[in-house]
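Chemist: Shown below is the structure under consideration.
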There are 2 protein chains.
Amino acid sequence: MNTRTLVKNLAALPDGPVTVSGWVETVRDQKKVQFVILRDESGAVQLVNPATRELPEPIEGGEADAAASARLATTESISALAHGTFLTVSGELKHDERVKLGGLEVKIGSLEVVAEANPETPIAADSSLDKRMDWRFLDLRHPKQHLIFRIQTTFEHALRQYWVDNDFIEIHTPKLMASASESRAELFEVDYFEGKAYLAQSPQFFKQMAQPAGFGKVFEIGPAFRADPSFTSRHATEFTSIDAEMSWVDSHEDVMRMHEELLVAAFTAVKEKHGAEILDLFGIELEVPTTPFPRIPLAEAKQIVADRGYVIPRDDADIDPEGERQISAYVKETYGHDFVFLTDWDISLRPFYHMRHPEDSALTNSYDLIYNGVEISTGAQREHRIDVLVEQAKEKGLDPEELEFYLDFFRYGVPPHGGFGMGLARVLMLMLEEHSIRETTYLFRGPTRLLP
Amino acid sequence: MNTRTLVKNLAALPDGPVTVSGWVETVRDQKKVQFVILRDESGAVQLVNPATRELPEPIEGGEADAAASARLATTESISALAHGTFLTVSGELKHDERVKLGGLEVKIGSLEVVAEANPETPIAADSSLDKRMDWRFLDLRHPKQHLIFRIQTTFEHALRQYWVDNDFIEIHTPKLMASASESRAELFEVDYFEGKAYLAQSPQFFKQMAQPAGFGKVFEIGPAFRADPSFTSRHATEFTSIDAEMSWVDSHEDVMRMHEELLVAAFTAVKEKHGAEILDLFGIELEVPTTPFPRIPLAEAKQIVADRGYVIPRDDADIDPEGERQISAYVKETYGHDFVFLTDWDISLRPFYHMRHPEDSALTNSYDLIYNGVEISTGAQREHRIDVLVEQAKEKGLDPEELEFYLDFFRYGVPPHGGFGMGLARVLMLMLEEHSIRETTYLFRGPTRLLP
């Protein structure tokens, strides 16, 4: 393994010889001295080289000439460095308070060009989002973009740590299915040998399968696919879905309690590990939410929004994106909270497998979680009584025969259960006040984007 | 939330009232006393009920009659219990050494049938593997099957803990691609709006993209898809792939070193958490491998196999499954090790993106990892020099134009790098000496299996 020192670890070293590897962020090629800003995955450092622009007049004895030739060659190769070129540099570390970048620099001894960059960099700081997506691997070199994925790593690991600590089992449900898991409308069809398969729109049916299987509590973080032709900042044809499902819930309240504890654990981990960098690069003082998150029944939320003067332009019982922003603003003003559970959704807005209220069969034991004005998750208690489930499927116009494999899960004993699905890129987008999930997705997929 | 006690936690409680929830494993309905074995995700417990078979003669005062009626009702509902029915039972916990199952039992006070099972259980202990897959949610109720997925949880969490501790970044690469990632031959085609997309056969290209992106070290655990029509015990059309890729490697040796440390961390975690249960249910004393794992160049391995008297029936430079078993047996006998890296594969057996030996351009800087006689992983240093990479692609008969988006990753600076992909279900299959990855996959997918 390359014996380089990560840039972030230089500060703790004494002055002396070091080797660093990374890519060229900028070159300042002055007459007498050259500066290179070298970046690696941990930070950036200034490299310095006193320029040797020409060989001295020949003198007796060749040795000095060879050294001078080497210095000239180094100088010339620094002058030729293209932005993005990967280098390994050995030199002398020197702590020096006057150096703005971290108070240290490395005086270049030897320099090895590992892979030259094409000097025509195809994107710039002011390139359009779409253009940046075309060259995502260059876009991701920027410290902000890089931080997003280190935050993602910490966020997901904290979720899993919570689940593992609470005896959840990790599952990987199949993404190839014989039929739709959610809606026929947004389904990708796959040529499957002599027949057809479909891409899972969510792990819904299969995470529920873990309940009659006696797994108790399960989680999965994996891809989900929606053939959704929309081009909003919040939709993708492929996204990372965070899912949990657990047995023996009394209602959606139990699911919400797990959900909020989970988010507190994850936000705490992100703030501890990256809080200072988030403030530095995004200008955001990340807040760890307090529990319990506010809970507002949807009908009440709509009344609050109406009282604030916003008329939701819909004929059904649903709320719209501006309504979500309004109720979020109300919650922030009233409770100082960034999250709110909107509960008790009308059955017309929910899939057949959501359990209905014991007292009011027009409502479901379900919720949406709104974070900073945008829906990030849907959760519910599931209907586990096979006769009721079949009736609800029929009411929604579904053919129970097509759902047979799923309905079988409920015919050989099943505990009451509930869970949620949450979009990873949405949470990160809202946490970092980004404008699109394209920024918080490693490689975005949309109706017209399959590359790179 | 249901206030049940998990069965595994009963042993630590004093005698007294408890509530347990789970499913009926067996009922012994004797004339004077009834026994129910109730199982939940943590274990099994004996429930006991003194049978009340008929009401006593009416006497004065109704109260005693009501209690007797309740006892009769409980007795009758126990007699009617079908295997698999989910129950909640409140009763009196009593520690009693004479009870074989954990030295305790619960005397039933009240019993609530939560979801009745269809009494016709469609599978039995001796059902065929294919039949068990048809009813996977019932198959998974068995303690052995259940343990497999708790081991999976621990195994994966330990992998991620190692990576997080070593500053790897977690990525989710897209599974929808514009072209093939590995081979045109085993590619699933998806109808994608007006065009076509393909399912990723591996995250290969996209985890490599993280290298010019400056991510340094990345990992992913996610699905991969192969339109492979074979029906062996080791192949699936969808499988969970464990992938890592890292910058600044000097050769595949650096990848192997990370790979073996990672496996030691994961096996250690599994042994610590589940060693006793694995011994109990699978009869296996799990061994944590020692480092370094033996490394044998492929050509040498083939000679060893030949010297053992096995002639590999192939005309090319490859080894075959029996050859893998033979070399594994040799390594076990010679070094007492369950793992072996077979290194330095012939270029004819490797994809175009494997780096070739600096000294011998007929060989690659690559390896396969064999565990208990079966290949579980392929790793390599990648070719990062664009001109060499293009030449190697052409040599393999590929059209560089089709690979343009991938080749671009190497045109704007890229560090040397390498990594591996490893099949999760294969590792678990071999760890637990199971005969098929169907046993260690939550829901298997094959050419003729898309259900449930």
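Note that the numbers count up from 1, one per residue, in the order the chain is shown.
Using N, Cα and C of the backbone, Cβ positions are placed for all residues, glycine too.
TrEMBL feature annotations, pasted as is:
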| type | residues | note |
| --- | --- | --- |
| DOMAIN | A:149-452 | domain 'Aminoacyl-transfer RNA synthetases class-II family profile' |
| BINDING | A:Glu182, A:Arg226, A:Thr378, A:Arg382 | L-aspartate binding site |
| REGION | A:204-207 | region 'Aspartate' |
| BINDING | A:Glu375, A:Gly423, A:Leu424, A:Ala425, A:Arg426 | ATP binding site |
Chemist: Can you work out the mean pLDDT of the predicted model over the domain 'Aminoacyl-transfer RNA synthetases class-II family profile' (A:149-452)?
Modeler: 96
Chemist: Find the shortest Cα-Cα separation between A:Arg226 (L-aspartate binding site) and the binding-site residues A:Glu375, A:Gly423, A:Leu424, and name the residue that gives it.
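Modeler: Closest candidate to A:Arg226 (L-aspartate binding site), judged by Cα separation, is A:Gly423.
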Chemist: Would you give the longest CA-CA distance, in whole angstrom, between residues of A:Glu182, A:Arg226, A:Thr378, A:Arg382, the set recorded as binding L-aspartate?
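Modeler: Value for the max Cα separation, rounded to a whole number: 22 Å.
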Chemist: Using C-alpha positions only, work out which of the binding-site residues A:Glu182, A:Thr378, A:Arg382 is nearest to A:Arg426 (ATP binding site).
Modeler: A:Thr378
Chemist: Expressed to the nearest Å, what is the distance separating A:Glu182 (L-aspartate binding site) and A:Glu375 (ATP binding site) at their Cα atoms?
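Modeler: Rounded to a whole number, the Cα-Cα distance is 18 Å.
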Chemist: Neighbourhood of the ATP site (A:Glu375, A:Gly423, A:Leu424, A:Ala425, A:Arg426): other residues with Cβ within 8 Å of the Cβ centroid, in order?
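Modeler: In sequence order, the nearby non-listed residues are A:Arg234, A:Phe239, A:Ile376, A:Ser377, A:Met422, A:Val427, A:Leu428, A:Met429, A:Ile437.
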Chemist: According to DSSP, folded down to helix, strand and coil, what is A:Thr378 (L-aspartate binding site)?
Modeler: strand
Chemist: Sort out for me which one of A:Leu424, A:Ala425 has the most neighbouring CB atoms within 10 A, since those are the binding-site residues we care about.
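Modeler: When each Cβ's neighbours within 10 Å are tallied, A:Ala425 tops the list.
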Chemist: Take the C-alpha atoms of A:Thr378 (L-aspartate binding site) and A:Ala425 (ATP binding site) and report the distance between them in angstrom, rounded.
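Modeler: Computed Cα spacing between A:Thr378 (L-aspartate binding site) and A:Ala425 (ATP binding site) is 15 Å.
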Chemist: Just counting, how many other CB atoms are there within 10 A of the CB of A:Arg382 (L-aspartate binding site)?
Modeler: 25
Chemist: Over the residue list A:Glu375, A:Gly423, A:Leu424, A:Ala425, A:Arg426, recorded for ATP, what is the maximum interresidue Cα distance in Å?
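Modeler: Max Cα-Cα spread across the ATP binders: 12 Å.
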Chemist: Among the binding-site residues listed here, A:Arg226, A:Arg426, whose Cβ has the fewest other Cβ atoms inside 10 Å?
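Modeler: Lowest Cβ count within 10 Å among the binding-site residues (A:Arg226, A:Arg426) is A:Arg226.
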Chemist: Give the helix, strand or coil assignment DSSP yields for A:Leu424 (ATP binding site).
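Modeler: DSSP call for A:Leu424 (ATP binding site): helix.
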Chemist: Specify the count of other C-beta atoms within 10 Å of the C-beta of A:Glu375 (ATP binding site).
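Modeler: Its Cβ shell of radius 10 Å holds 18 other Cβ atoms.
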Chemist: Could you tell me the C-alpha distance between A:Ala425 (ATP binding site) and A:Arg382 (L-aspartate binding site) in angstrom, no decimals?
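Modeler: Given the Cα positions, A:Ala425 (ATP binding site) is 25 Å from A:Arg382 (L-aspartate binding site).
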Chemist: What is the total of other Cβ atoms whose distance to the Cβ of A:Gly423 (ATP binding site) is within 10 Å?
Modeler: 25
